[in-house]
Amino acid sequence: MDDIADRMRMDAGEVTLVNHNSVFKTHLLPQTGFPEDQLSLSDQQILSSRQGYLDRSFTCSTRSAAYNPSYYSDNPSSDSFLGSGDLRTFGQSANGQWRNSTPSSSSSLQKSRNSRSLYLETRKTSSGLSNIFAGKSNHHCHVSAYEKSFPIKPVPSPSWSGSCRRSLLSPKKTQRRHVSTAEETVQEEEREIYRQLLQMVTGKQFTIAKPTTHFPLHLSRCLSSSKNTLKDSLFKNGNSCASQIIGSDTSSSGSASILTNQEQLSHSVYSLSSYTPDVVAFGSKDSGTLHHPHHHHSVPHQPDNLAASNTQSEGSDSVILLKVKDSQTPTPSSTFFQAELWIKELTSVYDSRARERLRQIEEQKALALQLQNQRLQEREHSVHDSVELHLRVPLEKEIPVTVAQETQKKGHKLTDSEDEFPEITEEMEKEIKNVFRNGNQDEVLSEAFRLTITRKDIQTLNHLNWLNDEIINFYMNMLMERSKEKGLPSVHAFNTFFFTKLKTAGYQAVKRWTKKVDVFSVDILLVPIHLGVHWCLAVVDFRKKNITYYDSMGGINNEACRILLQYLKQESIDKKRKEFDTNGWQLFSKKSQEIPQQMNGSDCGMFACKYADCITKDRPINFTQQHMPYFRKRMVWEILHRKLL
C-alpha cells in the first residue's frame, strides 16, 4: 500500500486572483488518512493523475466584479493523496472566493491522470446563481467519493474587508458634472421665445424663423454622443469577460494542448470591467463538442484576449463555457460628456444667432437707406422745381418768392417732426410717474366713450407689460374722435372683441354691432385682432379699395382679410339692401421688411396702436422699437387727458 500511496500523490494547481490589490490563493489538496476500503472505486480503477499547474491572473477594475475558478475532480483516484505532514485548510471568503490559509507546498512530480474536470465557481448574483463547492453545482452533478471523504468547510476570510465587498456589490455612481448655462439678455432671445409661443397658440407661421431652443442642442447632441461612446466601450470590454471550464482529455495530444493553453493563460492579463452571468456555450453530454448559441447581446469572440480549447470528456462529464458580464455596473472607461464637441456645438448655436442678428441689422439698414433715398429724391424734385423757377422768372422777382417758399417748407418740416414726436415736459413726466405709483388699483383715472380706465389698466402701460382690451379700445376711440378734425380721413374703429366674435360665431352674431353706424360712409375701418397672446391690426381703406393686415412679428394672415371682405358683402346686403361691389379690391399682408417690427415679446399692443395712429393721419410709419418707451409714457398722458398729442 505504501507503493500505491506514493504513486497516488498529487499536488493540485494554484489559482491566483488579483482583485482590489489583494491576492487570494486556492490550494486544492486533499488530506491524508483515507480509508483503505474507500480506495477501490467503480471497476477498481487506479487512475494516475497529471499535475496541472494553472496560474491565471485576472486583473479587475475597481468597479468590476471578479470571479475565482476552483478546480477539483469528480472521480478521485487512490494516488491523489499527500502525506500526513502536508495538511491543508481551505477557507471561503464573504464573496464566494476560495483561499488557502497555509502556504502552498513545493511542486511534485507530474503524473498522468484521467477524467479530471474543471469547474468554475462564480460569485452569487441576483439571478439566483450561488457559489457551490464539493460536487454541488448549478448543473446538478453527483457527489463523488472524494468529496464525501474530504468535506471542505467555509472559513470567513479576515483579509476580505466589508468595504471592498461593498465597493464591488454597490459601486459608487460617477457624479456627472453639471453644465452651467449663461443667461440670455439679448432682445432676440426673448423675441424668439415669444415667436415660438405665438406659433403654439395660433398655429401660424412667421416669416422670421430661427432654430428652436426648447431643449439645448449641445446637451441633446452630447447625450447621443455619450451613448455611442458607451456602446463602444461595452463592445471592447465585453470581449475580455469570458471564462472557460476545460475538461480533461484521455489522449496525450489533448493534454498537451491544454497545457499549452494554460501557459498562454498564465501570461495573460484580462480586464473585467462589467459582467452579468450568461451561458454562451454548452458542451454536449456525449461528445463534448462546444455549441455556441447566438444571443442578441453577446459580443464577438477575440482569440487575442481569451484562449479557449475544445476538449472531449468521458462518461457523463460536460464542458461548460460561461461568459460573465455585469449590466448594472457602469463602465468608467468612457466619459459621458465630451467637452470638445460641446464647445463646437455651443459655438455653432451662437454663430447662427449672430448671423440672424446681422441679417436683421442689414434689413433695417436697407430700410433706412430706402427712406433716405426717398427723401433725397424729394429734395432733388424741389431743387429741380426751383431751378425751373429761376429760369422762367427774373432774378429780382425770384429772390423773395424763393426765400418765402424755403422758409415755408422748413417750417412745415419742423411742424411735422414736432407733431410726430412731441416732447414730454417735466410736468408731464411727474404726472406720469404719479400714476405708476402704488395706490388703489380700482381707482378710476379716466372715463370717456362709455369706457372706464382704472389704475390697474394704466399699469399695463408701465415698463414691458402687455396692453389689455380697455387701453386699446380707449385709444381707438380717441383716434375716431380725432378723425372729426378737418383735413383728416374719417375713421371707425371696431371693438377688440369684434373680429373674434365674427370669426367664431359668424355675421349673425355681430350684425347688431353697427346698428347706429354706417361703415360704408367712412374712409377707414380699424379692426384690432387678438390672437390669444398677440395683438395685430387690420385696416379697410374704402378710398384705395384694399384690406391690409399689419403684424409686428411679420405674420401673414390673408384669412383675416377674406373674413373682413365677406363681412362687407353681408353688411351691404343687410344694411344697404344691395350687393357689395368687390371689383378692384385687393388683400394685403404687410411683410416684415415693409413695416417696423418689435424686437421683444411685450410691445405688440403698442405697435398695433401706433400703426393705427399713423394710418389715420395719412402719415408714413416711421417709428422703431426704440420709440416704444416714449410712446408708452405719451399714451398714459393722452388717456389721462382724453386727448391725443
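One is the number of the first residue shown, and numbering goes on along the chain from there.
In case you wondered, yes, glycine gets a Cβ from its N, Cα and C as well.
For reference, Swiss-Prot has these:
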type     : residues : note
ACT_SITE : His534   : active site
ACT_SITE : Asp551   : active site
ACT_SITE : Cys604   : active site, nucleophile
COMPBIAS : 99-117   : compositional bias 'Low complexity'
MOD_RES  : Ser57    : phosphoserine
MOD_RES  : Ser117   : phosphoserine
MOD_RES  : Ser157   : phosphoserine
REGION   : 1-200    : region 'Interaction with CCAR2'
REGION   : 92-117   : region 'Disordered'
REGION   : 285-313  : region 'Disordered'
REGION   : 451-615  : region 'Protease'
REGION   : 451-614  : region 'Protease'
MOTIF    : 171-177  : motif 'Nuclear localization signal'
MOTIF    : 575-578  : motif 'Nuclear localization signal'
MOTIF    : 629-635  : motif 'Nuclear localization signal'
MOTIF    : 636-645  : motif 'Nuclear export signal'
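Reduced to three states, the DSSP call for the residue listed as 'active site, nucleophile' is helix. Asp551 (active site) carries neither a helix nor a strand DSSP state and counts as coil. Outside the motif 'Nuclear localization signal' (575-578), and at least 6 residues removed from its termini, the chain residues within Cβ reach (under 8 Å) are 514, 518, 520. Note: the motif 'Nuclear export signal' (636-645) comprises 6 helix, 0 strand, 4 coil (DSSP; helix = H, G, I, strand = E, B). In sequence order, Leu198, Val201, Thr202, Asp551, Met553, Gly555, Cys604 make up the list of same-chain residues 6 or more apart from His534 (active site) whose Cβ falls under 8 Å from its Cβ.
Helix, strand and coil counts under DSSP for the motif 'Nuclear localization signal' (575-578) come to 2 helix, 0 strand, 2 coil. Within the set of active-site residues (Asp551, Cys604), the lowest number of other Cβ atoms found within 10 Å of a Cβ is recorded at Cys604.
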